[in-house]
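Some features that TrEMBL has for this protein:
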DOMAIN    154-361  domain 'O-methyltransferase C-terminal'
ACT_SITE  His286  active site, proton acceptor
Amino acid sequence: MAKQGNDSILSPLVTNGLPKFMFFVFHRCIERVLWTFAELGIADLMADHKVPLTATELSQLNGNNWNAELLYRLLRSVADTDIVKELTSSDENSENDLHPENVNRFQLTDNGLFLTSNHPSKARDLIRLELGTITHKPSTYLPYLIQYGYKNGNGFEHAYGCSLFDYLQKEENKEYSTLFNNAMACYSNNSTDSIGSIINFSRFEKLVDIGGGLGTLLSIILKQNKNLNGIVFDLEHVIENAKKQSPNEFQQRNIESNRYEFISGDMFKSETIPQADSYILKWLIHDWTDEVSIQILKSIRSANKSREKKIITIFLVETIIVPNDVHSWIARVMDIEMLTLLNAKERTKAEYIELLKKSGYDFKDLYETNSMYSVIEAITTTEVFD
């Protein structure tokens, strides 16, 4: 039997020749395996029973009647990702080897626990969203977009007849909207500690998280800065969902209820944006064209219009493209995601500085984290009532 070498686990980004393209294909296959495992909630079934189970036993849990042989073959592949561990029979030549779905047991690993529904990382919903069919379909229009641009809409509009954000607000898509917000919270969980540790937020009185979703980012920042209060600001249906979480992101981190609020509104309507001395926008500006981004940033300035001039600070948490830097590949591939889903884009530092300038802000600093995010700090002096 042929043995696979150590190079069988290499990324296609660091291999060359024909193996590079083979690995692209094989990695896509393992993505489908992982998505199926997450979509079916198999980690929940395994975690609930706490003991290793055969594929046959798993196939019959919770009133299911799944195909045990096919489930075994799925789990055998999932085991290669160290999400489950296969406990095999000691005798490889026994008759049991012909029906391993009845004999071999599978155990959830520490990595596998991340894919349970109640894991605080929300990794399961990240996988279900990003590797799922709704997100995949728009990407099939990328060749068309490269050829003809946006004259007939972006990839999501081609696939579903409306924009992504309109899709999320439809009553019949509530489940997908929840999935989307949980996945965004997962992105925050992956990086927020590093954001809070490199920026001194204690110099502010109130921080508003524009498009704050469930409040994951803000809750971690408040935990790190005991004298800071904050507001999660988002659309009404998002805030309703955030309030229904029990416990919510702030309660999970034992933050006093008088230090945070959930407020619904529209960032394009300045009169609905709460006044504060600081604002944070995570992965939000990359969702929009330059023209719309300028509207958003100007709307925050207008929200703070008062009888006296005051300085407000904004923080843009984004995946910034660094030209000719191989480590910036995530930002460049996310740029293609934005191109496809939203006709938006990731930007370079220079592009963000220009965007801020056109919106009435002065660039102050760029903070690099140990994650895929960087943070731009900018300040503005607000307008005064006539």
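Each residue, glycine too, has its Cβ placed from N, Cα and C.
TrEMBL labels come from automatic prediction, so no person has curated them.
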Inset, instruction - Output, ordered by sequence, the same-chain residues six or more apart from the residue listed as 'active site, proton acceptor' with a CB under 8 Å from its CB, or 'none'. - result: Glu318, Thr319, Met334, Met338, Ala344, Lys345, Glu346, Arg347
Legend entry - Per-region confidence, the domain 'O-methyltransferase C-terminal' (154-361) (mean pLDDT, whole number): 93
